[in-house]
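> Shown below is the structure under consideration.
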Amino acid sequence: MAVEFKKIEGDSIQYFALVIILAAVTALGFYAYVLDHKMGLNGLSNRVPWGIVNAGIPYFIGLSAGSLIVSALAGVFNIKKYKVFSRIAAYMAAAWIIAAILSIALDIGKLYHFMNAVRYFNPTSIFSWNAFLYSSYFVICSIYLLVQFEEMEKATRFMAGLAVFWAVLVHSGTGAIYSFVYSKELYHSALTPPMFIVCAITSGLGLLLANLYFTFRFTKRELDPKLIRGLALIFAGLMMVLGYFLAVEGLEKGYIPALHEAVQFVFLTPTSGVFWSFWLLVIFGIAIPIIIVLNPKTGYDLRWITFAGILHAALVFAERFYLIIPGQVFPEEYLPGYELESLHTLEGYIVSYTPSVFEWLQVIGLIAMVYLIFVVGVKLFALIPERAVEEVVEE
């Protein structure tokens, strides 16, 4: 039996109230950016030029890549029962990459600076390549979604494969921004690109699980728990892989004598916010969601699976914070083996970074914008199937 996708009517008071709330939060986020841009209302400094808004860039790209890979399960891996989620996942992937590109725009400040990536393209710079990868990734997402709307089976399979390949390439490039920085002890790691990919799939899938639950519930459409259970098991398995990557990277750095102080600062200093961002991710973002999914009492309950997905996705943002901030606040060792007694700058000392309310509002505003795009999209486009059950597949 073929999958039948339909728009929602979207004529209820609750629908319009949700649109207004999301639009207001989005506008508040952009207003916070204007104030920050004019008056510098942030916690950044010369030592910490990348803050929480910058942490949103790899986070949003990861959510996009994760959603897109889930969307391609039917086309690439021939798991036809997940075709019912292919459109909604691809649409969310496009929405999240828009948020990522806007995060970059907020960081750049002046939009015409985007042209510099073309005018002064540097083939040896990962930043130059990422400018091409991100923009082309959005185009691929859009074409992939379009061929799904047109029911072009061969083109859909081809675009699904290309989308997965490009999603892996994009997130590897994002991870390479940090892992290729050899001078920063807490950045340089060959494990960062593959860890980024796994983290992208888990966070994207976790948030998609919650998105599916709430969408089908509030549109009063049938959602088979077996389908969600299958995705939840994939989700749990990949979280275990992510935990393994984090453990290996931590142990690798811990065994390097030169990194002893840096490792102690990140993993064993409770007075540091970086310490909490890491351990909260491990305990509440990985361990607890895995227990929820694998526990027979909670693993079949859509509400618990939704909670696990939201918990993991939220704390992956803490992982992005843990990745970006420590490499900046911890000092570089300019002369290994020597102690610098006189410094006229903050170089050589651990500095602090606390995100301002205006930085948080920018991130929250971008998230609200993504869900505004989604809420309007389900009214304008046929993204959601009438019913999502295992029997409703394309033969």
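Any Cβ shown, glycine's included, is placed from N, Cα and C.
The structure displayed is predicted, hence computed values, not measured ones.
Found this in Swiss-Prot, in case it helps:
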type	residues	note
TRANSMEM	15-35	transmembrane segment
TRANSMEM	57-77	transmembrane segment
TRANSMEM	88-108	transmembrane segment
TRANSMEM	126-146	transmembrane segment
TRANSMEM	158-178	transmembrane segment
TRANSMEM	196-216	transmembrane segment
TRANSMEM	231-251	transmembrane segment
TRANSMEM	274-294	transmembrane segment
TRANSMEM	305-325	transmembrane segment
TRANSMEM	364-384	transmembrane segment
> Which stretch, 88-108, 274-294, 305-325, tops the Cβ pairs under 8 Å count with the transmembrane segment (364-384)?
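Comparing 88-108, 274-294, 305-325: 88-108 has the most Cβ pairs near the transmembrane segment (364-384).
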> Verify whether three or more Cβ pairs under 8 angstroms connect the transmembrane segment (126-146) with the transmembrane segment (57-77), leaving out any pair fewer than 6 apart in sequence.
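These two stretches do touch.
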> When you check the transmembrane segment (196-216) against the transmembrane segment (88-108), do you get at least 3 Cβ pairs under 8 Å, counting only pairs 6 or more apart in sequence?
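Contact between the transmembrane segment (88-108) and the transmembrane segment (196-216): present, because at least 3 Cβ pairs are under 8 Å.
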> Considering only Cβ pairs within less than 8 angstroms, which of the stretches 15-35, 88-108, 158-178, 231-251, 274-294 has the most against the transmembrane segment (126-146)?
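Comparing 15-35, 88-108, 158-178, 231-251, 274-294: 158-178 has the most Cβ pairs near the transmembrane segment (126-146).
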